[in-house]
Every structure is written in structure tokens, then in C-alpha cells.
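Asks: What TrEMBL records for 15-222 is domain 'MARVEL'. Residues annotated as transmembrane segment in TrEMBL: 101-124, 136-157, 200-218. Here TrEMBL flags 237-293 as region 'Disordered'. What TrEMBL records for 281-293 is compositional bias 'Polar residues'.
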């Protein structure tokens, strides 16, 4: 808990109010909606086969199917209307590739959005350092935008095929007894695929979000300034103002040292002596008038 509290205390959550972070939250949420509505689906439809001899018929045939929609493995036993015999009928089509592709993109989008939000909140300075993080984010965002386009279109086509393969009117055509006169076959319950329709809608919403996020991430890369000629690459941190030794302010005093300026000597040969004479620092001895007196 202490580690979590420290991370929260050091976090920069104001970025979540900006378009860069706010759109990532939407991407995270709608990715969950997309893969959950598709990956957790299970449906069922009912048929009835009324034979000429009622004792041979079956008025409540239930057929269940679910994600990943390998319908060629889904079967049910239909009466043959001949002495109580039954025949196993399989549905047609394997639509697992498009469904699993769609769910996989949704899961990875969810994980990347969560990772990007963590980077925005806790290591935003490193993310913007030399714009490397923003450039990587832009490339990954562009890839996910393309993947959402491909997966949403593929799943929309796959869902259309699933609806066709699970249409009770079409499944009835697979039952041999329904082709014979005197027998009556009809649908009792249609499958509900509203959740699958919603998953396709969420897929295209994610596409719009990731495409829109490209612009806000692009502004963080510095490429826009480079194209317009106004971008200045980030420099290394300058030393503190009071550090004159490395900041360029530590110039030599022109009046201090042996090479520059005037340095008077008031040492051993200069100044006033005990006799009251003034010694100016010359090598010759001053004239003494004490003997002449």
C-alpha cells in the first residue's frame, strides 16, 4: 500500500483532462466493450419437426452456439420420421478466424491503453524526453488504428456469415425429413444477435478513437515543428544558477592574477621606513642627509 500511495502522490493526473489522456481513457473503455460483447457471446435457436406420424417427430430441437463460432463443429439430432431414427446434422462454416482476430485486437488495445495511461501519469517527463516516447506512441497508435479497421471489417463480414449459418429457415433445409411430403418443419425461436451487432459498432467506434488520437500524439512527436522549421530539439539540463564554475560566468578577474591588470607592490622595498624616508621600490638606495648634517 505504501508503494501505491507513493505512486499516486507522484502521479501527474492533470494529463487525463487533456485530449491526449482523455482519449486514451475512452479507448480503454471501448476496447473492453468490443472484445467482451463478442468474446462472451452464446446463442441458441429452436426448431420443430412434425412428422406425418406424430410419435416420430420432435417439436423442441435446441441448437446452441457460441464464440469463437466454429459452427462446423455444432450439431443437433433431427428425426428422420422413420421409426424413431435420428440423423446428426452439422451447421456450416468456420468463422473463428475473424472473431478471434477481432477479440485479440480488442484485448491488446486494452492492455496498451492501460500502459500508455500509466506512462502519461507517472513518467510523462521521460515520455517527452527527446520525443522518443511520443514517436513510439504515434507508430503504435497508427498500427492499432489500421488493425481496428481490418478486424472490424473482417468481423462484420464474419458476423453476416454467422447470421446466415444460424438462420433457422436455412438450417431446416439441412434436415432430410423436411423435404418429404407430409412432414412439417418450422422455426420456434430465432437467435438473438443484438450483442454481436453491438460488438461491430464498438469496433468501428474504436477505429474512430484511434484515428482521432493520431493527431494529438503527432503534436507530441515534434515532427510538426520540424516540418515548419520552428522545432528546437530538447537540450540537456543546465546547471544551477549559483554554479558559476560551469555555467559560463566563471571568467577570470581582469584585475586579479599575474597576467592581467596593474598589481602594485607594497612589499619589503616599498612604503615608509624608520628614518622617515619614503621608499618607492627602486633598487638604488635613497640619498641619506644624516651625515651631512
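Quick reminder: no glycine exception, Cβ is built from N, Cα and C everywhere.
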Asks: Below 8 angstroms Cβ to Cβ, which residues of this chain, lying six or more residues outside the transmembrane segment (136-157), approach it?
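Replies: Cβ under 8 Å, 6 or more out: 38, 97-99, 101-102, 104-106, 108-109, 112, 116, 127, 199-200, 203-204, 206-207, 210-211, 213-214, 217-218, 220-221.
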Asks: Just to confirm my parser: what is the rounded mean pLDDT across the domain 'MARVEL' (15-222)?
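Replies: A mean pLDDT of 91 is what the predicted model shows over the domain 'MARVEL' (15-222).
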